[in-house]
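Inspection log for the structure reproduced underneath, given as structure tokens.
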Amino acid sequence: MAEKRDYYEVLEVTKESTVEEIKKAYRKKAIQYHPDKNPGDKEAEEKFKEAAEAYDVLSNPDKRARYDQFGHAGMSGAAGNGGPFGGFSGGMSMDDIFSMFGDIFGGHSGGGFGGGFGGFGGFGGGGSQQRKFRGSDLRVKVKLNLKEISTGVEKKFKLKKYIPCSHCHGTGAEGNSGSETCPTCKGSGSVIRNQQTILGTMQTRTTCPTCNGEGKIIKDKCKVCGGEGIEYGEEVVTVKIPAGVAEGMQLSMGGKGNAGKHNGIPGDLLILVEEEPHPELIRDENDLVYNLLLSFPTAAIGGAVEIPTIDGKVKVKIEAGTQPGKVLRLRGKGLPSVNGYGTGDLLVNVSVYVPETLSKEEKSTLEKLEESKNFKPSTSIKEKIFKKFRSLFD
């Protein structure tokens, strides 16, 4: 799909929908487009993935908040794979989607739902509930200057984290010993416990204590990782930061966190954006603000001054009689919206410099000018200044 659809549109829900309503909508879409029900249908498979991606974001309060504020740019993509931050192409396979589906609805995890669409019987809670371990998230900070924010930028991070064990390739087993079905849960990953109550016998399904929900146990543990399937290592990750990001915004890159045990689901890489202060410009959302200090003669007779922008200095014409407090607007010289909807402006706040000391000649000149009616504020000017002052308290 060339252009990403709105996640709410994908699941046919609204921004006011609850998590339960979103879960219900996802379940409906997953049943409709599940590969077992649509064998060989690539379009259905893509819609199945699309629905899973939408659910992954909208069911998570943090991801949903970022998406509501910044759209798809808030879940921005990783350089090189084109996948979405927090999406599936960055680190989740179809198996992972199936596993997530099983976790949500009590279905079977793995390469499918068990030899045909009937595997969806897990919805009732009676199916197997094999568990996949998810690795923990990693958090990093990235400091950006206004130039980088205005254009977007790629940043490389050298991450020290848990990766799949190089000796056992993440299985946790030594050599070809592999694993065997858990004798306690018979491979289901869960056990049923009976409890006598005043209402009779109550049955509850819980995670198997022997295999921790995996449905299998390792016969001969890897001598390098001790059967965990992970080891400490390094990875260099390139992150594409979209233009228009702001201080405090958190991006997430799916699948680039710590590896999950036994080839489980990797965690996410969370990137917290920090802004470097600019020596002359101040950010106000997508606008930039510059405080211009004019000399009195320039304000009175006009002229041209250089104004700093992100892309260098530009000359701006100053009209004769420019008053302190006037705001000049340079359209399109601000920052782009992270959603891609327009660009802010550069606002130039004008102040007039009054010298603190004067020579005798300068003082004499000003005393002569003071007698001119042009140097005496008119009633209309006084009223204008008073209205501006009063508006500060409204």
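Counting begins at 1 with the first residue displayed.
Every residue, even glycine, has its Cβ placed from backbone N, Cα and C.
Annotation comment: Swiss-Prot describes CYS165, CYS168, CYS222, CYS225 as Zn(2+) 1 binding site. Secondary structure at CYS165 (Zn(2+) 1 binding site), as computed by DSSP, is coil. Cβ environment of CYS165 (Zn(2+) 1 binding site): GLY172, CYS222, VAL224, CYS225, GLU228, GLY229, ILE230, GLU231 lie under 8 Å away, each six or more residues apart in the same chain.
In the three-state DSSP reading, CYS185 (Zn(2+) 2 binding site) counts as coil. Proximity of CYS185 (Zn(2+) 2 binding site) to non-local residues of its own chain (separation of 6 or more, Cβ distance below 8 Å) is seen for VAL191, CYS208, THR210, CYS211, GLY215, given in sequence order. Residues or ranges marked as Zn(2+) 2 binding site in Swiss-Prot (evidence: sequence analysis): CYS182, CYS185, CYS208, CYS211.
Under the heading domain 'J', Swiss-Prot lists 6-71, citing sequence analysis as support. Confidence over the domain 'J' (6-71), given as mean pLDDT on the 0 to 100 scale, stands at 87.
Annotation source Swiss-Prot lists repeat 'CXXCXGXG motif' at 165-172 (among others). Note on the repeat 'CXXCXGXG motif' (165-172): residues 178-179, 218, 221-225, 227-231, 233, 259, 261-263 of its chain, located 6 or more positions outside it, place their CB under 8 angstroms from a CB of the stretch.
Under the heading repeat 'CXXCXGXG motif', Swiss-Prot lists 182-189 (among others).
Residues or ranges marked as repeat 'CXXCXGXG motif' by Swiss-Prot: 208-215 (among others).
Secondary structure counts, DSSP: the repeat 'CXXCXGXG motif' (222-229) has 0 helix, 0 strand, 8 coil. Positions annotated as repeat 'CXXCXGXG motif' by Swiss-Prot: 222-229 (among others).
For 152-234, the entry in Swiss-Prot reads zinc finger, with the evidence type sequence analysis.
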Same-chain residues near the repeat 'CXXCXGXG motif' (208-215), Cβ under 8 Å, at least 6 residues beyond its ends: 128-133, 181-185, 187-191, 262
Cα separation, CYS182 (Zn(2+) 2 binding site) to CYS168 (Zn(2+) 1 binding site) (Å, whole number): 20
The zinc finger (152-234), counted residue by residue under DSSP: helix, strand, coil: 0 helix, 41 strand, 42 coil
Composition by DSSP (helix, strand, coil) of residues within the domain 'J' (6-71): 48 helix, 0 strand, 18 coil
